[in-house]
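*Asks:* Look at Swiss-Prot and you will find 1-27 tagged as signal peptide. Taken from Swiss-Prot, the feature topological domain 'Extracellular' covers 28-798, and the record attributes it to sequence analysis. According to Swiss-Prot, the N-linked glycosylation site annotation covers Asn52, Asn66, Asn103, Asn132, Asn180, Asn263, Asn289, Asn346, Asn386, Asn437, Asn503, Asn688 (among others), on the basis of sequence analysis. Summarising the annotation, Swiss-Prot assigns repeat 'LRR 2' to 135-157. What Swiss-Prot lists as repeat 'LRR 5' is 206-229, and the listing cites sequence analysis. Among the features that Swiss-Prot reports, repeat 'LRR 7' is placed at 254-277. Residues annotated as repeat 'LRR 8' in Swiss-Prot: 279-301. The repeat 'LRR 10' annotation in Swiss-Prot covers 326-350 and rests on sequence analysis. Swiss-Prot lists 351-374 with the feature repeat 'LRR 11'. Annotated repeat 'LRR 12' per Swiss-Prot: 375-398, in sequence order. Residues annotated as repeat 'LRR 16' in Swiss-Prot, with sequence analysis given as evidence: 467-491. Feature annotation from Swiss-Prot assigns repeat 'LRR 19' to 541-562. The repeat 'LRR 20' feature in Swiss-Prot is assigned to 563-587; the stated evidence is sequence analysis. According to Swiss-Prot, the repeat 'LRR 22' annotation covers 657-681. Look at Swiss-Prot and you will find 731-754 tagged as repeat 'LRR 25'. Taken from Swiss-Prot, the feature transmembrane segment covers 799-819, and the record attributes it to sequence analysis.
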Amino acid sequence: MMIRSHRHWVFSSRIIIFLSLLVHSLASSSPHFCRDDQRDALLEFRGEFPINASWHIMNQWRGPWNKSTDCCLWNGVTCNDKSGQVISLDIPNTFLNNYLKTNSSLFKLQYLRHLDLTNCNLYGEIPSSLGNLSHLTLVNLYFNKFVGEIPASIGNLNQLRHLILANNVLTGEIPSSLGNLSRLVNLELFSNRLVGKIPDSIGDLKQLRNLSLASNNLIGEIPSSLGNLSNLVHLVLTHNQLVGEVPASIGNLIELRVMSFENNSLSGNIPISFANLTKLSIFVLSSNNFTSTFPFDMSIFHNLEYFDVSYNSFSGPFPKSLLLIPSLESIYLQENQFTGPIEFANTSSSTKLQDLILGRNRLHGPIPESISRLLNLEELDISHNNFTGAIPPTISKLVNLLHLDLSKNNLEGEVPACLWRLNTMVLSHNSFSSFENTSQEEALIEELDLNSNSFQGPIPYMICKLSSLGFLDLSNNLFSGSIPSCIRNFSGSIKELNLGDNNFSGTLPDIFSKATELVSLDVSHNQLEGKFPKSLINCKALELVNVESNKIKDIFPSWLESLPSLHVLNLRSNKFYGPLYHRHASIGFQSLRIIDISHNNFSGTLPPYYFSNWKDMTTLTEEMDQYMTEFWRYADSYYHEMEMVNKGVDMSFERIRRDFRAIDFSGNKINGNIPESLGYLKELRVLNLSGNAFTSVIPRFLANLTKLETLDISRNKLSGQIPQDLAALSFLSYMNFSHNLLQGPVPRGTQFQRQKCSSFLDNPGLYGLEDICRDTGALNPTSQLPEDLSEAEENMFNWVAAAIAYGPGVLCGLVIGHFYTSHNHEWFTEKFGRKQHKALTSVKCSL
């Protein structure tokens, strides 16, 4: 919505400029008398740039630029009808593709008033010579590639009314000389890389109506001198690094229609002087550090259309007076500390209000039946509060409602049938238990999130009618029965499918042949049997597969190697069997980052080159986001932490970094040597090969894994010495060599000395453990432990379920589990953040 408002004021300023140019053009009527010096200057100017198609198109429109025609008739050129002097050059979108030279012939046009070079692909610095064109009233260099500082000489243009330098790559400080432009009406410097403070001299521009300095790197406080701009209509300072309190003088700007300070570090209270800004239609203070309550009755802003104070620390009761503003269309109050119940009985905004976003506050009580008064409501978000009771039946009167998010409350009862007509329904983390019966034949939901409720029985048949479904999360419920094959009805559109943590039985239907958009599939923690669906080979967009903790009985799906984007594969705790390696499978998992196939019945050996093509574990690719991320039309992005921000899904643990790499082959029957190619995986953080039958010595190439943090090779048949080279792995915080046939000295080194004595148990020939085992009193920990204690040790690294943040609700799971039940849970907490100690064997994430 903020983007929409931003475009609104940009569009308004463009209209002002367009009308100004139109009036000027109409005033310059025939006859035209082009002066030779003006014509020659224009031709020389054109000669400074390569000829290209855009010039050709321009010439066809109003005639060619050449000596045989009147230059006053040339495209983009306007002359004074008396003197023949060129007074306007308006050639946007001509893609000049060159520098604007300091000695350009453009600067011979001394009587130029209007200069519009919008989107001409100009680069280099803005020539200081521009300041010599003293008649200029408009300079528009919008959307080019100009670099360097804004020339101070522009401050000499005392006739200038419009200065538009936005969307370039300008650096340096805003020159204080701009304060000399006493006739300036429009100043647009947004979307550059300007630094420093906003100069006080900007407050001298008494005629200014539009000031946009958004999306730069400006620092310091908002100067109080801006309060002198009594004609200002638009004030946009978003996306900078401004600090301190907003000066009370801003309340002097009584003509202000648009005020946006979004995404800075402003703090303190809202000045009480803001009560003077009664003409505001757009009021945005979001993503700052404002505190306290609103110091005035909000209904005084009787022209307000868009109100956004989200992502601050405002407190106090829900500001009901906002609902008395008849023109209000959007209210964004999420991520604050508002308290109390909400009520809509006394509202004047029932016919206008479209967006009501109240998520992540401290609101409580029932959802009022008076919600039905908001007849035009399209989006309602009251997630992450303490609302109780049932969804009121009056919600059926909101016939325009498209997006509903009630997640993370204490709501209960049945889901009204009318909600199937929505586009987005997010009801996760409540206590809903059933669905109202409906005869509805059609449903248009694209995003449906019912996770973490108390639903039971078979999947609602209405889900089978969602032919456009893109996101479905039914996880953490009590659904039972078979997974219906009718999910093929939306297989062509589904991207995220999470049915994990239910009681589904039967087979996983092999119905994914048309699921070419599928990104994430999670059916973990059910009772599914049978084969692994081979139709997944058609899902070329697939990034995550999690079938953990089922009863699937099949051979290893090596054909998944062909999926170009598969990052996470979790087959843990099933009945998979047979060898991992097939001689016809030669591609390798090139994109795999996390694999967990532990606690199955895999057997056989791995050839030395088995990991040779696992490229994503060898080198990191440059990625924009730090965390695995997915974007949805209705939901915000989900990196930084794996919780829903707008209309998505919550998770129990925090995000996982994109650079995390892990392999867990533990609890199988794999034998032979540890493959040599494992040493190529230099980005690997976790390696668990425990509980197999690997033989020979511990390979020295493991010392090549310089980012390794966890190494568990316990409960194998490894012999020989522990390589001294492993002591050089400075990130290695946990290792386990117990229950092997190792001998010789334990390497000296800080990482080894910090391990627990149990990490070396049952290796009869090991010695040098005096310092490590001093606290236990077992200086020679080589005897076989009782079976139950041994089992506890070997399960220490069942590290399943570290999550993967794929986007507006993707499903994930993988890499956590028994870290939290063992002495090493501190390591996991440090890496992934603290939340409730709620999932001991797995973690649910919705990407």
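Glycine is treated like the rest: Cβ placed from N, Cα and C.
Neighbours and distances for these, please.
*Replies:* Across the residues of the topological domain 'Extracellular' (28-798), the predicted structure has a mean pLDDT of 89.
The 10 Å shell around the Cβ of Asn66 (N-linked glycosylation site) contains 12 further Cβ atoms across the protein chains shown.
Within 10 Å of the C-beta of Asn103 (N-linked glycosylation site) we count 10 further C-beta atoms, all protein chains included.
The Cβ of Asn132 (N-linked glycosylation site) has Phe107, Gln110, Ser153, Asn156 as same-chain neighbours under 8 Å, each 6 or more residues away in sequence.
Counting residues 6+ beyond its ends, the repeat 'LRR 2' (135-157) has Cβ neighbours under 8 Å at 17, 20-21, 87, 92, 110-129, 163-175, 177-181, 183, 188-189, 194 in the same chain.
Residues within less than 8 Å, Cβ to Cβ, of Asn180 (N-linked glycosylation site) and separated from it by at least 6 positions along the same chain comprise Gly155, Asn156, Asn158, Ser201, Asp204.
Away from its own ends, the repeat 'LRR 7' (254-277) comes close to residues 2, 5-6, 8-9, 209, 214, 222, 230-248, 283-292, 294-296, 300-301, 303, 308 of its chain (Cβ-Cβ under 8 Å, at least six residues beyond either end).
The Cβ of Asn263 (N-linked glycosylation site) has Thr238, His239, Asn240, Ser286, Ser287, Asn288 as same-chain neighbours under 8 Å, each 6 or more residues away in sequence.
Secondary structure at Asn289 (N-linked glycosylation site), taken from DSSP and collapsed to helix, strand or coil, is strand.
Within the same chain, residues at least 6 positions away in sequence whose Cβ sits under 8 Å from that of Asn346 (N-linked glycosylation site) are Lys320, Leu323, Leu324.
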*Asks:* Return the residue, from the listed glycosylation sites Asn386, Asn688, with the maximum count of other C-beta atoms within 10 angstroms of its C-beta.
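*Replies:* Output for this query is Asn688.
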*Asks:* Expressed to the nearest Å, what is the distance separating Asn503 (N-linked glycosylation site) and Asn386 (N-linked glycosylation site) at their Cα atoms?
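*Replies:* One finds 29 Å between the Cα atoms of these residues.
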*Asks:* Considering only the glycosylation sites Asn66, Asn103, Asn289, Asn386, Asn688, which residue has the minimal Cα-Cα separation from Asn437 (N-linked glycosylation site)?
*Replies:* Asn386
*Asks:* Determine, from DSSP, whether Asn180 (N-linked glycosylation site) sits in helix, strand or coil.
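*Replies:* Helix, per DSSP.
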*Asks:* If I take the alpha carbons of Asn66 (N-linked glycosylation site) and Asn103 (N-linked glycosylation site), what is the distance between them in whole Å?
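*Replies:* Cα-Cα distance, Asn66 (N-linked glycosylation site) to Asn103 (N-linked glycosylation site): 22 Å.
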*Asks:* Between the glycosylation sites Asn289, Asn437, whose Cβ has more other Cβ atoms within 10 Å than any of the rest?
*Replies:* Asn289
*Asks:* Would you mind reading off the Cα separation of Asn103 (N-linked glycosylation site) from Asn289 (N-linked glycosylation site), to the nearest angstrom?
*Replies:* 48
*Asks:* Per DSSP, to which secondary structure element type does Asn386 (N-linked glycosylation site) belong, with helix, strand and coil as the options?
*Replies:* strand
